[in-house]
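Let me begin by presenting the structure, written as structure tokens, before commenting on it.
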């Protein structure tokens, strides 16, 4: 049976790969590849956030009664990453290589710290809390 | 289940705690470089010259330990899910005592002992008492014992051993009678400091930092679980065997084989790290990665030199040998890894605190500078080039002291000066933007 750790953890990997692809292309000055890889990364990350914010976090909060705990911090960090992501989109449009690379390095560190917290703590906790409704939660996330 | 505190933003200490350490660390490097430039050939005349001792301790205590203390106080909540009780006070007191003690110790070496060494013993002894107690308390309470937390615990124990022996040696140097026996423990002091305190912490942090910043695969779980513990056990074993061999109760081959096993463990770490970096998913060249590469090469050279010295005693007897060995470990391995860490952590903390403040105050019109705007890649690249030039000159200096020692000192001082300048500029930028965020917005009436 699949778990939240597997599904969302694998999705982190997918986002990371797209991120690296975009960053490499921009660093090499290949704006065409860079832009399409960035757009793919942008959408993948947004999709990932929505799977969590629209399905997984509310289910977890309803089950544990914790709304001010880890999910609140995760939502705040999503906000930080969204802002960096939008700034990167502007830098792509402006073909501003230095600004893009500065922003992408910043996003990388925030994103990796965030992922580590989720993969090491929140997802395993959610796997336990949502054990008996796992199929349903996963199919709801799949539909986002 | 208790949720580890590291998901709460207010667990991170105020930025002043890590900054005071990380910003003063390069200054001690500059002092060390200038000392070498000033004394030149005299400093490098042997392993035990007052100049070498002062230089070494300006680096180990001033540059390396300052940076490691600042980073530990910052990282404990993030990596270990625990906090340091009274982190602000602990940071302030440790920083002052450590800085003052380091200067007193360096002066003590140069002025041939006396009251300066006694003052250094008192200052450094209190600094480490405060720091080890505070860190130990936090680490003992860490919710999860992941391999990084285990490495941090062992590193802090190693710091306590190093500091105890070091304070004893400083007291002896200061003229306290009856401590002559400690001289025979100098190598034990050195091994616990370099392999224990510095080595164990570098390993533990690498387990987290490499996958995070360079998108490498994880270190294998078995390596993460066992390598630091094995190194610590080998260090302990070596210390006992070393004493027994010194008393001629066992053959000296026994401590040598314990040390050789520790050397092999370090080589294993370096080899795995290079392999992981080859498989990283982020191919972008980056200054942090370059510092890591330099550090790993330094580690491999240091271990190889040590082994070569055991195989060819004639090589080990050469006056240049101890300088090369110590230099390659300290300046080739430890300092570059820490340098690579400092150039990431200082701009990231500045960004992190500014961004949180911006979100909390809703001041979206104030733009928060990103990592490379805070510390330009250009600065770190030049700093690296100058450092590598300094290292090259330093490697030649034991052979051609008159020619190479002063330029080596100048290049190292210049590189650390540039590091201090870059980090200082990031900190000033932080303060400026922070003031803008806190200032009342245009057209807004400040609350009474």
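Cβ atoms here come from the backbone N, Cα and C positions, even for glycine.
Non-local neighbours of the transmembrane segment (B:21-40) in the same chain are 51, 54-55, 58-59, 61-64, 66-67, 69-71, 73, 91, 95, 99, 102, 106, 335, 338, 342, 345-346, 390, 401-402, 405-417, 419-420, 423-424, 427; each lies 6+ residues outside the stretch with a CB under 8 Å from one of its CB atoms. According to TrEMBL, the transmembrane segment annotation covers B:21-40 (among others).
What TrEMBL records for B:52-73 (among others) is transmembrane segment.
Sequence annotations record features per position, and here TrEMBL assigns transmembrane segment to B:85-110 (among others).
Non-local neighbours of the transmembrane segment (B:116-140) in the same chain are 61, 69, 72-73, 76, 80, 82-87, 90, 93-94, 97-98, 100-102, 104-105, 107-109, 149, 152-153, 156, 159-160, 163, 166-167, 170-171, 173-176; each lies 6+ residues outside the stretch with a CB under 8 Å from one of its CB atoms. Annotated transmembrane segment per TrEMBL: B:116-140 (among others), in sequence order.
According to TrEMBL, the feature transmembrane segment maps to B:152-176 (among others). Outside the transmembrane segment (B:152-176) by six or more residues, the chain places 72, 76, 79-80, 105, 108-109, 113-118, 120-121, 124-125, 128, 131-132, 135-136, 139-140, 182-183, 185-186, 188-189, 192-193, 195-197, 200-201, 204, 228-229, 232, 235 with a CB less than 8 A from a CB of the stretch.
What TrEMBL lists as transmembrane segment is B:188-207 (among others). Counting residues 6+ beyond its ends, the transmembrane segment (B:188-207) has Cβ neighbours under 8 Å at 60, 64-65, 68, 71-72, 75, 79, 147-152, 154-155, 157-159, 161-162, 165-166, 169, 218-219, 224, 227-228, 231-232, 235, 238-239, 242-243, 262, 266, 269, 273, 329-330, 334, 337, 341 in the same chain.
Proximity of distant same-chain residues to the transmembrane segment (B:227-245), defined by a Cβ-Cβ separation under 8 Å and at least 6 residues beyond the stretch ends, is recorded for 147, 150-151, 154, 157-158, 187-188, 191-192, 195-196, 199-200, 203-204, 251-252, 254-255, 258-259, 261-262, 265-266, 268-269. What TrEMBL lists as transmembrane segment is B:227-245 (among others).
According to TrEMBL, the transmembrane segment annotation covers B:257-276 (among others). Within the chain, the transmembrane segment (B:257-276) has long-range Cβ neighbours (under 8 A, six or more residues past its boundaries) at 195, 199, 203, 206, 210, 216-217, 219-220, 223, 227, 230-231, 234-235, 237-238, 241, 292, 296, 299-300, 303, 306-307, 310.
The annotation transmembrane segment is assigned in TrEMBL to B:288-309 (among others).
Look at TrEMBL and you will find B:329-354 (among others) tagged as transmembrane segment. Listed as Cβ neighbours of the transmembrane segment (B:329-354) (distance under 8 Å, sequence separation of 6 or more from its ends, same chain) are residues 12, 15, 18-19, 22-23, 25, 29, 56, 59-60, 63-64, 67-68, 71, 74, 194, 198, 202, 205, 209, 213, 287-292, 294-299, 301-302, 368-372, 374-375, 380, 383, 387, 391, 394, 412, 419, 422-423, 426-427, 429-430, 433-434, 437.
According to TrEMBL, the transmembrane segment annotation covers B:384-403 (among others). Among residues of the same chain six or more beyond the transmembrane segment (B:384-403), those with a C-beta under 8 A of the stretch's C-beta atoms are 33, 40-41, 44-45, 287, 290-291, 294, 319-320, 323-324, 327, 331-332, 336, 339, 410-412, 414-415, 418.
Feature annotation from TrEMBL assigns transmembrane segment to B:409-427 (among others).
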_Cβ under 8 Å, sequence separation of at least 6 from the ends of the transmembrane segment (B:85-110): give me the contacting residues as numbers and ranges._
13-14, 16-18, 20-21, 24, 28, 31, 35, 50-51, 53-54, 57-58, 61-62, 65-66, 69-70, 73, 116-117, 119-120, 122-124, 126-128, 130-131, 134, 137-138, 170, 173-174
*Determine which residues of the chain contact the transmembrane segment (B:52-73) at the Cβ level, with the cut-off under 8 Å and only residues 6 or more beyond its ends counted.*
13, 17-22, 24-29, 31-32, 35-36, 43-44, 46, 84, 87, 90-91, 94-95, 98-99, 101-102, 105-107, 109-110, 124, 131, 135, 152, 193-194, 197-198, 201, 205, 323, 326, 330-331, 334-335, 338, 341-342, 345, 416
